[in-house]
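Novice: Sharing a structure below in structure tokens format, with a few things to ask.
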Amino acid sequence: MQRDKRKDKIIQKLQSAGSPVSASALAREFGVSRQIVVGDIAILRAEGYDITATPRGYVLPLNQEAASIYQIACKHDRAEILEELNAIVDCGGTVLDVTVDHPIYGELVGNLHISNRIEAREFVDRVNESKAPPLSLLTDGIHLHAIICRDEATLELIKEKLRSIGILFE
């Protein structure tokens, strides 16, 4: 398959996918190497496509007409990551990212795109298997999450749940 046709197919796949799509999955589908797909993604980004790399694969921005993006501040230790993520997704939110304010590097952002308990569990499993600390541990557990939810009432529900389990940082 020629590069231009493959790039078109990648965009179509990302637009229709309900979750992140890995470079390996795209490579298998198109019969090319993972590195070829990574190169195609780089070219698509240079052409202006807002493709985000998450720990589970590539995504295009969510449709923001039906939802809004909000920031919430949280504080917890490593053992409470799953409880925090589950609280957010159970109340109807999607965790887009985590941001910490590092004293040397400034703002550090990690893309997450977690929208259900399965994705939350997979993320926590990867954190636990990794030797790298979660970003929030670099700032004594204090961090921000960009979350997407349908309205302010859903945001308040999320905040109340996080407050009740001692994770909302106010």
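Placed from the backbone N, Cα and C atoms, the Cβ positions cover glycine too.
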Novice: Can you pick which of Glu84, Glu152 TrEMBL lists for the same Ni(2+) site as His76, His143, His145?
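Specialist: Of the residues offered, the record points to Glu84.
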Novice: Out of His76, His143, His145, which of the binding-site residues has the smallest number of neighbouring Cβ atoms within 10 Å?
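Specialist: Checked His76, His143, His145; of these binding-site residues, fewest Cβ neighbours within 10 Å: His76.
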Novice: Centre the Cβ atoms of His76, Glu84, His143, His145, go out 8 Å, and tell me which other residues of that chain have a Cβ in range of the Ni(2+) site.
Specialist: Cys74, Lys75, Glu80, Ile81, Leu85, Val98, Ser136, Gly141, Ile167
Novice: Just to be sure I understand the packing, how many Cβ atoms besides its own are within 10 Å of the Cβ of Glu84 (Ni(2+) binding site)?
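Specialist: Glu84 (Ni(2+) binding site) is surrounded by 24 other Cβ atoms within 10 Å.
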Novice: Counting by DSSP secondary structure, give me helix, strand and coil numbers for the domain 'Helix-turn-helix type 11' (6-58).
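Specialist: Result for the domain 'Helix-turn-helix type 11' (6-58), in helix, strand, coil order: 32 helix, 6 strand, 15 coil.
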Novice: Per DSSP, Glu84 (Ni(2+) binding site) is which: helix, strand or coil?
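Specialist: DSSP call for Glu84 (Ni(2+) binding site): helix.
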